[in-house]
Amino acid sequence: MRPHHLKQSAELLAAILGGARAADKQMESYFRAHRAMGVRDRAEVAETVYGCLRHRRLLAHCAGEDAAALVAAYLVREGSSARALAEAGFRGDARALVGCLRTLDPRALPLAVAASLPDWLAAELQAEYGDEASALAEALNQPAPVDLRVNTVKARREEVQERLAEEGFEADATPFSPVGLRLRQRAPVFHSRAFKDGLIEVQDEGSQLVSLLLEPRRGEMVVDFCAGAGGKTLHLGALMANTGSVYAFDVSAARLERLAPRLARSGLSNVRPVVIAHERDERAKRLHGKIDRVLVDAPCTGTGTLRRNSDIKWRSVDLEALRAEQARILDAAARLLKPGGRLVYATCSLLREENDAVIDAFLKARADFRVVPAAAILSRRRVPLDTGDALRLLPHRHRTDGFYAAALERTA
Ligand SMILES: C[S@@+](CC[C@H](N)C(=O)[O-])C[C@H]1O[C@@H](n2cnc3c(N)ncnc32)[C@H](O)[C@@H]1O
């Protein structure tokens, strides 16, 4: 361990935990402000800080909440000795820290501490997933694999797999998504020719299955109501073989802007990004009753994505406000549909309140909608996965992010 490693990691960790910005954004600006740091230093610091965010509560059990002590505890878990910590400038009691961590038995600790979760989330997972809560929580602390979606407008999966292998990126077909590849090792695939040529997008396999549930057809009018940077939009456009129209709505102009370069790479010309002020915007109202299919990938707690975004565990959450927002967006999105049209409501949340509860309330209010069983759609799409009426993906079972998606049809 180099001495500055501990200091810089602690500075960055404190900035992330004390600020409101996402960890990756905070990290970018820290590295911009410390240009002298080499590539290796940055990689080491980033790995350490992400490790601390992931295991914060377990580390704090021995180290307390001070950022430098958390970093020191993380380094001990990675094999550093008390002496190495002292040499690196750690001013706390390095020997006591090492002693505590070496004798720690996570099985004897409450789930919230052992799996480093806030109390409220540990309680929700235990209530909802019972005996599986520990395995789920543990899977949320493992780094996610790198999944790719093949852009079928440009190439077939096997061709892309070969192209990637030629460039030194070994990948296997994903078990569920027919257009997914999973890298055997984490690698900077953004630098590959295949990526620059628009043959692939980096996208979790679970996210790919959500777009499949919408089953958009050639020539249809489709709305991706919460398009963000367009991960699912691009997939929908490709599923429609670059025909018809996909309106990509979002209230965030900044997020939609990130769709532009991806769109250019993809070769799609059927996607129309539209910034809306809110879900009742005139630009949305103009499409009332005219749309064949609508995807609502709603803003949510993101609890299903903790493998990638451990920092969100430590942000405060207003579940009631989120639920109200989800219901408002779903209601507005449903109005766009033609009779016979399909609506998919999805979240990357593990919580019932944001998933089944939102759909149950919607169906109570809208007798003109019925559930289309997800398992039947997936089987038609040759996806070997049956999670019942709704799609429910869990990292410890499916090796994807946690996702929920329900498909509904407007009957009258
Ligand atoms: C889960 S993210 C979408 C991710 C995106 N679909 C993807 O696959 O990458 C939710 C998005 O909803 C947007 N959003 C929040 N409130 C909204 C509203 N009232 N109407 C439309 N979009 C909204 C957010 O800006 C955010 O980009």
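Counting begins at 1 with the first residue displayed.
Cβ from N, Cα, C; glycine included.
Taken from TrEMBL, the feature active site, nucleophile covers Cys348. In this structure, Cys348 (active site, nucleophile) belongs to neither helix nor strand by DSSP; it is coil.
The annotation S-adenosyl-L-methionine binding site is assigned in TrEMBL to Asp250, Asp297. Long-range Cβ proximity for Asp250 (S-adenosyl-L-methionine binding site), meaning a same-chain Cβ under 8 A and a gap of 6 or more residues, is found for Cys226, Ala227, Gly228, Leu256, Pro273, Val275, Ile276.
Per-residue confidence over the domain 'SAM-dependent MTase RsmB/NOP-type' (136-411) averages out at a pLDDT of 97. The annotation domain 'SAM-dependent MTase RsmB/NOP-type' is assigned in TrEMBL to 136-411.
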For the C-alpha pair, I'd like the distance in angstrom between Asp297 (S-adenosyl-L-methionine binding site) and Cys348 (active site, nucleophile), rounded off. 8
